[in-house]
Amino acid sequence: MARPGQRWLSKWLVAMVVLTLCRLATPLAKNLEPVSWSSLNPKFLSGKGLVIYPKIGDKLDIICPRAEAGRPYEYYKLYLVRPEQAAACSTVLDPNVLVTCNKPHQEIRFTIKFQEFSPNYMGLEFKKYHDYYITSTSNGSLEGLENREGGVCRTRTMKIVMKVGQDPNAVTPEQLTTSRPSKESDNTVKTATQAPGRGSQGDSDGKHETVNQEEKSGPGAGGGGSGDSDSFFNSKVALFAAVGAGCVIFLLIIIFLTVLLLKLRKRHRKHTQQRAAALSLSTLASPKGGSGTAGTEPSDIIIPLRTTENNYCPHYEKVSGDYGHPVYIVQEMPPQSPANIYYKV
């Protein structure tokens, strides 16, 4: 049987291997800058909203700030909508409510984790090279909290465009002139396509890249749909391949540790048997009678369980300790006729 120290070492090795595999399989995630959902937030640019480029594994916090002194509290209900809903500022059909900002004296924080597969049935799932939209059709007042048309989406362009897994520096100028604005693109795309010759000025203003990314996601592009499906398929294949490789490595390590423990156990058992065989009954036997024990029979030869320190046998002491009582091994002697026999006449 494996010793407790060996058992603890094997468990520690397995835990370290599992932790290492999890660290290798998990991409380098980061927490994006939180977004305060307020009409005073300057990040919501007119006609464009807020465009971010998260990667799989990143986290984004949307904060409903608490009421400030001297200003009325802004009531909002945030939705995850489709591109056409974001363009029309309408949440009438199939609304997906994310969070409701309706507690003036409390800061509400809603965290979005960009993951391709969610362990929760109601969790959000995102795909690479796809665009997702968050907006609100509330007007900021308590009476307009349940509005499904217009609201701050239309008046202040309060929307978040999330371009998952895309590169903000990837520029494709050809799409500005050949592609047609679709419902998935917002007002910035329409403005850019009206003046395609101002490409250099768009670069200097820092808006050119955002336009290209939004135009890239629209179905008007020639091979956009097939490219998205191919990239999604490739990402799924890569993910399953990584998971499969990790499982194979984990199984190989488990098999190696099992074989190692069996070898150690076999070696320990063989060593114990060799030491037990070396201790013969002749070397362990010691007569019970002695100088101070008169009247004892010579046949009562007692073999002590624990001999000298060099000939100590751990197996016999373990058995004796398990059963709780000392065990004596008595050598059998042939019966002898008594020396003194008296006959009554």
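Placed from the backbone N, Cα and C atoms, the Cβ positions cover glycine too.
The structure displayed is predicted, hence computed values, not measured ones.
Per Swiss-Prot, these features apply:
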DISULFID  C64-C101  disulfide bond
DISULFID  C89-C153  disulfide bond
DOMAIN    30-164  domain 'Ephrin RBD'
CARBOHYD  N139  N-linked glycosylation site
MOD_RES   S280  phosphoserine
MOD_RES   S286  phosphoserine
REGION    169-227  region 'Disordered'
REGION    262-293  region 'Interaction with ZHX2'
MOTIF     259-272  motif 'Nuclear localization signal'
SIGNAL    1-24  signal peptide
TOPO_DOM  25-236  topological domain 'Extracellular'
TOPO_DOM  258-345  topological domain 'Cytoplasmic'
Rounded Cα-Cα span from the residue listed as 'N-linked glycosylation site' to C89 (disulfide bond), Å:
12
Let's check the environment of C101 (disulfide bond): how many other CB atoms sit within 10 Å of its CB?
26
Counting all other Cβ atoms within 10 Å across every protein chain shown, which of the disulfide-bonded residues C64, C89, C153 scores highest?
C153
Where DSSP helix means H, G or I and strand means E or B, what are the helix, strand and coil counts for the domain 'Ephrin RBD' (30-164)?
10 helix, 48 strand, 77 coil
What are the DSSP helix/strand/coil residue counts across the motif 'Nuclear localization signal' (259-272)?
14 helix, 0 strand, 0 coil
Round to a whole number and give the Cα-to-Cα distance in Å for the pair C64 (disulfide bond) and N139 (N-linked glycosylation site).
15
Neighbour count, 10 Å Cβ-Cβ cut-off, for the residue listed as 'N-linked glycosylation site': what number do you get?
21
Give the mean pLDDT for the domain 'Ephrin RBD' (30-164) on the 0 to 100 scale.
93
Calculate the distance in Å between the alpha carbons (Cα) of N139 (N-linked glycosylation site) and C101 (disulfide bond), and round it to a whole number.
12
What whole-number Å value do you get for the CA-CA distance of C101 (disulfide bond) and C153 (disulfide bond)?
15
